[in-house]
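As written in TrEMBL, here are the features:
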type	residues	note
TRANSMEM	A:21-41	transmembrane segment
TRANSMEM	A:75-96	transmembrane segment
TRANSMEM	A:105-124	transmembrane segment
TRANSMEM	A:136-155	transmembrane segment
TRANSMEM	A:167-191	transmembrane segment
TRANSMEM	A:211-229	transmembrane segment
TRANSMEM	A:255-282	transmembrane segment
TRANSMEM	A:294-313	transmembrane segment
TRANSMEM	A:325-344	transmembrane segment
Amino acid sequence: MKKLLNLQSRFYSQLIDLSALKQLGILIVVVAITFIISLSIGDSFISPLKVISILSGNGSEFDTLIVQEFRMPRIIVALFAGMGLAVSGAILQGIIRNPLASPDVIGISAGAGGAVVAFLAIFSDTNYSLTVSMEWMPVAAFVGALVTALLVYGLSWTNGVTATRLVMIGVGIAAFMQATSTVLMLAGPIYQASKANIWITGSVNSATWEQVKIIIPVIACLFFLSLLVTRHLNLQQFGDDVATSLGQGVQKTRLALLLLCTALVGSAVAFSGTIGFVGLMAPHIARRLVGSSFGSLIPVSACIGGILVVLADTIGRSMFGSIEVPAGVFTAAIGAPYFIYLLIKMQKR
Amino acid sequence: MTSNLFKSILLLLSSILTIIGIVLSITFGYADTNLLTTWEAFFHFNASNEHLIILEHRLPRALIATFVGASLAIAGALLQTMTKNPLASPGILGINAGAGLFVVLAMSIFQMTNLFSFTLVAFLGAAISALSILAISSVGHGGMTPINLTLAGTALGALFYSLTQGLLAINEAQLDQVLFWLAGSVQGRDLHMLWIVLPFLLVGWLITAIKMKQLNLLSLGEDVARGLGLNILRTKFLIILVVVLLAGGSVSIAGPISFIGLITPHIARKIIGTEHQWTIPFAAILGAILLLFADIGARYILMPQEVPVGAMTAFIGTPIFVYIARKGFNKG
């Protein structure tokens, strides 16, 4: 018998599996360790102990500069972007009830990508330098994600939206958006294409403290919102009929969840680019660790997503000398072997 | 229920459309030619530039588009039936990702650069990737359930894709040649490449044609199919073999073209119904038509530059697909 902890109030009720809570505790420690280690790795190695003393405010001036100004912002952005993508993937797989669903699959990321490519194409003058500030690019990405999600939802609506129709139309729109990006990139100059390509692969290279100040509160709020809606997600797993008969307004809930998911993806990719794999696989890894009840699935997915992107970014900026490889390249290289290991281990049980 | 007569007429009409597509694909492009030039190129060949373009450049292109489009559609239909997942396509066996990785490896380690050697390497990559996914998903007694297969395939596919991206990021110098391949295209291939791959494709088509009945059984669900005497494991292995032949052959000649395998089976099922003896031939014809017309469109959008045919497939395919999805799918 599993040990369960029952949390209940008027707006919130949750059965928490204690063994899942233990897993979550372990993962949070892993997140902290990953955070400190990635602060210490880079062009110049600063030992983790030194990093801790810098964080508590007494390190040498030079090391403090490196850690706080160069490394910290991008690592925090990576962490929160990873969390956002993973949670949105978990929610989306819950809405659509298909293990292949992810923000990449139903076009939200592709929409953000298309918007960024269009932004670079529209606001360039004849010398190919931007006519507006780069700071507007995250806004373009967010708007692109939102507009695409609403487009997919609108096109899927015929007297209600079913999960299958949502995902199939999403797949179509995703392909369409990618095709648009490709054509725009081909039509523009090469360097613009490569800039757009780095963004589409996903990189936190240009993270700043200003971005950190936006991404932390936004993702944190959305994350707590996600925790509040877990029981609705659990209910959707039983299918529309059961959920309706248990008193859920299925269509309204689905729209609300989709919007939540879009907000998460939009704010994550706005600063990190469309990092792939995390939204798809972090929830699957989490599911294999703590089972599929969303109360534990969402926080565990968030931790795994955060760890994946921080590690991927650390490898990308430190392994290849002077070349900086975008973080999006390595999320799968780290995550996939671990997932395959879990897949094999679970089957042997 | 639509009658068999109606379905036969549908197949006939769509075949005629395919032939029209082939003729148009041979006739129209950047070099200014018309139907008369095409006719003369075939029957009164005079080695002029136009005639050479038609025979050496456009004819292979049209034939490759036809065979590749049809094969990808069949492979997609088979996988959707087997995994019972409407999102399944040859991509979930990691075929495109495996082929891509091997091509990039061959380029960066063995300095291969010609399209011909890409064909062999890509096929090898597709086969190895599909086999490893098969192995991973069938380890242990849980066995090769659709969900295990799908997840193993997606994870390994993502891994290969990311390794490819990593290699490309490190070897930027060689990027150009391989990017052209990675975008997926039926342009610039000669007929010899098709002749190498064609036997694989034809064997795949043949096995599919013989095993229609088993597919219909499988689509009833594994338990029912087993109850009716179908050897599930053998059928699944056979399906995967066929998919490797068809999708592996396609990717090795045309590079990764992903959308066709996903959408044409759905369109076919909506129009002609869910019996595989109708769905699969119709999906194949639709796949050929879609790729032929996408390839023609790809020449005109940014002329004289060509757009990757994969992008063009999405432009043409998405509106049809969205329309059909709104009308409601027929389950495979």
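Every residue, even glycine, has its Cβ placed from backbone N, Cα and C.
Contact check: the transmembrane segment (A:105-124) against the transmembrane segment (A:211-229) gives fewer than three Cβ pairs closer than 8 Å, residues 6 or more apart, which falls short of the contact criterion. Stretch with the largest number of CB pairs closer than 8 A to the transmembrane segment (A:136-155), among A:21-41, A:75-96, A:211-229, A:255-282, A:325-344: A:255-282. Under the criterion of 3 or more C-beta pairs below 8 Å, with sequence separation of 6 or more, the transmembrane segment (A:294-313) and the transmembrane segment (A:167-191) do not qualify as touching, having fewer than 3 such pairs.
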